Amino acid sequence: MIHFPKGGQLRGGAADGRGSSFFVALLVASLCVSLFSLLPRVRAEVGNRKVGIVLEYRDLVSLAREGRATPSGLAESLRAKGLSGLLVGELTGRDLISGFGSLRLSPVRDLPFPLPVQGVPKDRAVLWSSADDPNMRLAMPYLSAKFPASSRMSSSGYLAVLLSLGMSDLLDSGLVPDFEGLELARRLGFPVLFRPLPCIGVGGGAVASGIETLLSHGYLIRGILPAGLTVAGYPQLEPLGALLRGESMFLAQPEFVKQIGMVQAGKSAFPNLIPLHSVIKDEVFSKSITREQLVERMVRAVHERTVRLLLVRPYDLYPGERLGSFTEDLDLLSASLRARGYIMGFPSAEQPVGRSRIAPFGAALALLAVMMSLLNRFSEVRLLNSPRLIPLYLGVPLLLALGASIAGGFPMKLMGALLGALGASEAALRALDQKSPLRGALWGFAVALAVGTAIGAMYGFSLYMLRVEVFSGVKLTLVLPPVMVVLNDVLKRRYPEGAEILKRPPLWGELMVAGILLAGLAFMAVRSDNTALVPQWELSFREWLERLLLVRPRTKELLGYPCLFVTSWLSARGIVPRLQEVFRIVSSLAFASAVNSFCHLHTPYPLTLLRGFNGLWTGCLIGLVLFVSLGAVFNYRAGRLRS
């Protein structure tokens, strides 16, 4: 039987040399295999340096009117400051009624000319314009493709398209492209990000056919950014994906937007995907986001999350000077990105990074190491320590690695979830085993680094880097380490009074502490990757850390590492044993967070390393200050009592 030291000795005594050496050897071998497997991912992350900044055409028109300039003239001046593309959308029925564009939308009863057909319901919608309107002639093929049941007709010098729906159905539906924006972009050579809107009765095939007619007219559409609550054409999205792949176009994926159908659209368009970041106006007003914060957010999205498209908008908190503030912010944003080595220009979809066949075996080595170490820790549990189960423990990592290497899918997801949760648990327990909190932090981080790198290598291909699929073990990795710490301490009888506590009725104070811990763990698990649950003061603190450290450590690490130092101080003095357990549990979050950082596959691997190191040294620095401060206060009070 392969034998590891039982937890490296809970009280920090000398560990069994052979077991510890074998554990380290497995992790080092895993790290070597994983780093080799990471090379294609890192090359793709380092080589993808082109970033595009786009502005909505209607915002361009609004800014031009404010500055008493033409849209063309303003677009050229903004191009010099870093603007590389225009966002052009569809006009809704409400837009057409409000006077946008040259086409008009009316019910049959309000037409200024008679229809050449009889018996049409008076509330049926009609798109019409004068016969010499070039936009109407451009719209005809688009409307025929998107609305096959529509009827084209002419009467009294007008061209009209009789739609199959009523006016009330089309007020918020996308009807025709904003041809003014498309024409301006073609004239100036601006690439276009086209934004189709959903429309009642229009499926995915009709949406794709309509866009094809625009491409046939030579419009410079390079990508699609669906608008509305649902993706246009949903749920029939395969025709749109086929169009994007066939025309070498891409689907822009907005961050933090839960649009119905976007996940399916991403899978249909894969690998032609580019992440996009924008800040909606409602968020600017509700959180009073400053211009400086907006620019910082854009830069961080590019630098930390490999976003390559930025949608910028006028800053409406200062309505009296929108144009001036917008041009200044655009200039600052472009300069900040160039200073970090990025190239300004309209991006295109990158060549996909393939799945490594070797990386699962690196993950298997790491999983074997942490499994055997944990089994030796919990050797008191006879069910787990049966010699008959040893072939199973050795075979599970190998079988999962074979399945992950050959097929990916479920074996890879199961292996990643097990490795993340068990690896974070072993990292926390290794750290708590040490007498020195600094040594414990280094031990724990080393284990988290090896485990996280193995996960990052196994999942380090485009399907996960572009967030079409996501790592499925994040919650388990957060929840299991605290549970394992409690289980370890109960089995090792770390607190002799534990048996007494279990025999007698619980005290209210103990119930309250347990409730707070459970609620805290549940909240941490729920709010992980959910920025809506993060309070404003914490967001401000994070931004301050970003400015100070370039890559901020995670909040759980700034909480967990100091608790490791407090635990050591309390343990050395034998103060309130039950309180020690609280700090031991909280300290495990640092290593769960460190492992989870590597599971954010959209973050470049070098930045994940830097984030982890920043969390380690800042957390240890805070912990050292607490350690010294607690000692000073304790010695001062002891001196007062003696005197």
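We count from 1, first residue shown onward.
Including glycine, each Cβ sits where the backbone N, Cα and C put it.
TrEMBL annotations:
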type     : residues : note
TRANSMEM : 21-39    : transmembrane segment
TRANSMEM : 358-378  : transmembrane segment
TRANSMEM : 390-408  : transmembrane segment
TRANSMEM : 441-464  : transmembrane segment
TRANSMEM : 470-487  : transmembrane segment
TRANSMEM : 507-526  : transmembrane segment
TRANSMEM : 583-603  : transmembrane segment
TRANSMEM : 615-636  : transmembrane segment
* Structure fact -> Among 21-39, 390-408, 441-464, 583-603, the stretch with the most Cβ pairs under 8 Å to the transmembrane segment (358-378) is 21-39
* Take the transmembrane segment (615-636) and find every residue of the same chain, 6 or more past its ends, with a Cβ under 8 Å from one of its Cβ atoms. => 437-438, 441-442, 445, 549, 553-554, 557-558, 560-566, 568-569, 573, 590, 593-594, 597
* To do: Using a Cβ distance cut-off of under 8 Å, indicate which of 21-39, 390-408, 470-487 has the most pairs with the transmembrane segment (441-464).
  => 21-39
* To do: For the transmembrane segment (21-39), could you work out the same-chain residues 6 or more beyond its ends whose Cβ comes under 8 Å from its Cβ atoms?
  => 2, 4, 356, 358-359, 361-363, 365-366, 368-369, 372-373, 446-447, 449-450, 453-454, 456-458, 460, 605
